[in-house]
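Asker: Dropping a structure here in structure tokens format, bear with me for questions.
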Amino acid sequence: MNIMQDQINKYIEKFIQPTSLELAKLEAKAKINHVPIMESTGIEVLLQLLTIKKVKRVLEIGTGVGYSAIRIATALPEANVFTVERNQERYNEAIKNIKEFQLNERIHVFYGDALESADAVRTVAPYDAIFIDAAKGQYKKFFETFEPMLADDGLIITDNVLFKGLVATNYEELEDKRKRNLVSKIDGYNEWLMQNTSYHTTIIPAGDGIAVSTKRGEQL
């Protein structure tokens with residue numbers, strides 16, 4: 001993000017209530033191990049949206065170490081979270097963390113590639129909300145694969161759609177080819193999403209950028 005956006009995020013963060021000691025430990029551990037977790041301003045928006053919708057069933061693409069799933073299940077005590085993780089080490093860590101928070105009865109983790117796990121994920125559809133936070137180069141495939149599993153009045157929320165603000169720059173000039181290609185894919189996803197005639201999408205510049213999509217004709 002640019003300097004002004006960083007200042008805005010820091011300003012908003014002043015008003016966010018501190019997380020519990022257990023969550024703070026999980027956040028610190030993720031940082032030490034270089035496991036990305038959602039930024040505080042972003043996850044507050046996510047939780048607010050899910051609370052407003054009173055969701056009962058959430059599908060998360062990309063479990064990581066279980067941080068977002070734990071935050072969702074904690075904020076929404078009547079919700080069940082179904083989440084998919086392909087990395088064995090992170091999957092094992094997520095299972096451990098979820099048990100430590102005593103949420104293993106409401107957070108259900110599928111192990112495997114999300115696209116290859118679609119059939120298993122479909123068996124417990126529909127979902128009131130789908131949260132995409134996995135391989136950014138696959139965002140469009142994730143959306144197309146899982147959106148048929150969304151309830152009629154559901155939400156699809158995609159994280160990292162501004163990717164540190166790089167989508168708004170002349171990213172073609174980036175020297176890092178891998179980063180340049182990734183930013184291009186995210187930019188392409190955003191353009192495709194905003195032009196999708198079946199969904200109405202708003203991009204919220206909170207955290208690393210959140211896209212909120214609802215089916216045309218449906219409202220929050």
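Using N, Cα and C of the backbone, Cβ positions are placed for all residues, glycine too.
Note that the structure is predicted; figures quoted are calculated from it, not measured.
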Asker: Pick from D128, D133: which one does TrEMBL list with M38, S68, E85, D113, A114 for the same S-adenosyl-L-methionine site?
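Answerer: Record check against TrEMBL: S-adenosyl-L-methionine site with M38, S68, E85, D113, A114, extra candidate from D128, D133 is D133.
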Asker: When DSSP states are folded down to helix, strand and coil, where does E85 (S-adenosyl-L-methionine binding site) land?
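Answerer: Note: E85 (S-adenosyl-L-methionine binding site) is in a strand by DSSP.
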Asker: Cα of D159 (Mg(2+) binding site) to Cα of D133 (S-adenosyl-L-methionine binding site): how many Å, rounded?
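Answerer: D133 (S-adenosyl-L-methionine binding site) has its Cα 5 Å from the Cα of D159 (Mg(2+) binding site).
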Asker: Just to verify a number: CA distance, M38 (S-adenosyl-L-methionine binding site) to N160 (Mg(2+) binding site), in angstrom, no decimals.
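Answerer: One finds 9 Å between the Cα atoms of these residues.
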Asker: Hey, what's the widest CA-to-CA gap across M38, S68, E85, D113, A114, D133, the S-adenosyl-L-methionine contacts in the record, in Å?
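Answerer: 20 Å is the greatest Cα spacing among the residues binding S-adenosyl-L-methionine.
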Asker: If I take the Cα of N160 (Mg(2+) binding site) as reference, which of the binding-site residues S68, E85, D113 has the closest Cα?
Answerer: S68
